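Undergrad: After the structure tokens below, expect a handful of questions from me.
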Amino acid sequence: MCSSKSKQQRGNVEISPQTISHINGRPVFQPYSNRDPLLERHNSLKKSSSKTSPTPTTNTSPSKIKISATTSPISPKIKRVGDSNILNISTEKIVTPKSNAKSTKYVKNSSSFKILEVPGSIAAARREQVAMMQVQRKMKTAHYGRTNSAKYENRVTPLDSSNTSSPREGKRCSFITPNSDPVYIAYHDEEWGVPVHDDNLLFELLVLTVAQVGSDWTSVLKKRQDFRNAFSGFDPEIVAKYNEKKINSTSTDYGIELSQVRGVVDNSKRILEIKKQFGSFDKYLWGFVNNKTIATQYKACNKIPVKTSKSETMSKDMVKRGFRYVGPSVIHSFMQAAGLTNDHLITCPRHLQCAALPTQPPIIQ
């Protein structure tokens, strides 16, 4: 017979998970098999936070959620700790506002992707930085005479008090800014775009155009007199007779690169050959444009090309004849300086003034 004590013990028997899983001969979920470890961790974090800090704290950055490969399936939607937003946990890219690129975290559970960007994150700051860079790039104009410190401004110095009857007439080409050097401003107002027919002056402009490659027109114009002294007033007949000793001394005395001096001497010899064939260097050059200045109608400096089909044609022919440093871009700049093309903006007073100048060389009686 069983005692009352045994009956009492039988009513309080504790059943282990192993016995529960085989009750009535069929498998039953174990007590902890249907619990989500992530939810348990959330609950533990809530309990620990309530014990340590009685006052609730706000999170300024999104929580990082790490899910291992062995985690049991979870519901597609779950509340994030410390936040009331409902997030899609299938796959998320959580960006934390840190300064390094390692702050981007990926949470993967399925094939879909969702990007979560926080205000003030790296992505938002980068977009703002790119927008500012684009604005600064538009403000800069890569053209002749602009200094590194110069900023684009529409305000310019009036060209001439007699030509300011309307606001449009007093504005030079936009690459002339308040920061431009007076030497370069004078060159723009008096020489750039003026048709040139003197052989020595054409030779000089060709040398100066080659010299400004890798530099700027302002620096070259300030050394213009040194170039004239170094190359005997740009007389090709004298420069063509420079020997090796003269070339070395010219490079040392005037601070001109030795290769550049040799290039000038070689080009002077080619000019003498052209004079024998065409009669003058002037006839050879102006023959490419049918003895007429190319009239352009540019409204902005960024519309002016670096080279044209005419400059490419002239460059190929000069290279074939043995000229040095006469690429299409250099020749196009030379054509602008010598007046073979009138690239003044239509808003600049010099555009009409240069267009009114005669393009034919004066007839000597």
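Keep in mind that glycine also has a Cβ here, set from the backbone N, Cα and C atoms.
Note: TrEMBL annotation is automatic and uncurated.
What TrEMBL records for this protein is below:
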BINDING   CYS173, HIS188, HIS344, CYS348  Zn(2+) binding site
COMPBIAS  1-22  compositional bias 'Polar residues'
COMPBIAS  50-66  compositional bias 'Low complexity'
REGION    1-79  region 'Disordered'
Undergrad: Taking the center of the Cβ atoms of CYS173, HIS188, HIS344, CYS348 at the recorded Zn(2+) site, which other residues in this chain have a Cβ no more than 8 Å from that point?
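TA: Other same-chain residues with Cβ inside the cutoff are ARG172, PHE175, ILE176, TRP192, GLY193, LEU345, PRO349, ARG350, HIS351.
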Undergrad: Is it possible to get the count of other C-beta atoms within 10 angstroms of the C-beta of HIS188 (Zn(2+) binding site)?
TA: 22
